[in-house]
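If you check Swiss-Prot, you get these features:
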- Cys32, Cys37, Cys43, Ser272: [4Fe-4S] cluster 1 binding site (BINDING)
- 44-261: domain 'Radical SAM core' (DOMAIN)
- Cys58, Cys62, Cys65: [4Fe-4S] cluster 2 binding site (BINDING)
Amino acid sequence: MIPSWVSLRAGDYEKIINVRRALSRHGIYTVCEGAKCPNIFHCWGEGTATFMILGEVCTRACRFCAVRTGNPRGYVDWGEVDRLVEAVRELGLKYVVVTSVARDDLPDGGASVFAAVVKKLREVGCVVEVLVPDFGGSPASVKTVVSSGPDVFAHNVETVRRLTPLVRDRRAGYERSLSVLKYAKEFGAPLTKSGLMLGLGETFEEVVETLEDLRRADVDIVTIGQYIKPSGSPRHLNPVRYATPEEFAKIKEVAVSLGFKAVASGPLVRSSYKAYSLYREALKNIVYLG
């Protein structure tokens, strides 16, 4: 049984309708819908959404994710870039999070599409956060995205080292994800960000080790949330346990002590949870800490 502290919250109904209409009108996908995020109506009720580019079919099959798996066979809808910008204009967004499915069928993993979106959004005055796949570990693809000028470069490690083969697609890797984050900083990303889930069988010590690994990769922002099974499919893992609010608070204390500039840790925290607030907190702490 899901405990009471893992409770879903509603948002402003009128804003929810406005977001849904804008997305439908412009044919834009969101990870909120595709990944069945538990915060969807709360975030939409605040007029925010995380846009998903490069279609809605992922070439990978991670066991925590509800996004559809398949082979897009190299298809890219370049009109998606302009439609996304129009949806952002219509919704009046100033902080935009852009993510994508994994596209192992593309030579650059979709990096050039990310870059095109970032440049367009910067032209209309948006602060942009990208949440990228691992691009097969390609430094060139990471550089393509970073060079386009995102304000935050995010890539999720998802889980601890030991559980990575169980939780993520076989083409993903713990060290590869750390490398992607390191490359981003080396290529000049102003802020980097990562996230992981609890409740998959990890120990407290393994969580701390993962946070230490992320800091060694010079990651600035981290999000920690509870894994919630997105469907009844046997492909999706069952939660081993539900971490308590006290455990999340303790882990946040550890993360802050390790030097992260901003930390979100709680049962319903997801990668893009309160993204703008975390961005501002990180900037403030960079200035404060010199």
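Heads up, residue numbers simply count up from 1 along the chain you see.
Placement of Cβ uses the backbone N, Cα and C atoms for every residue, glycine included.
A map of Swiss-Prot features onto the structure.
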residue	record	DSSP class
Cys58	[4Fe-4S] cluster 2 binding site	strand
Cys65	[4Fe-4S] cluster 2 binding site	coil
Ser272	[4Fe-4S] cluster 1 binding site	coil
Item checked: Cα distance (Å, whole number) from Ser272 ([4Fe-4S] cluster 1 binding site) to Cys65 ([4Fe-4S] cluster 2 binding site) -> 15
Next item on the list: Pop the Cα-Cα gap between Ser272 ([4Fe-4S] cluster 1 binding site) and Cys58 ([4Fe-4S] cluster 2 binding site) into the table, whole Å please.
Entry: 19
Checklist line | Local Cβ density at Cys62 ([4Fe-4S] cluster 2 binding site) - other Cβ atoms counted within 10 Å | finding: 21
Next item on the list: Quick one: pull the CA-CA distance for Cys62 ([4Fe-4S] cluster 2 binding site) versus Ser272 ([4Fe-4S] cluster 1 binding site), whole Å only.
Entry: 19
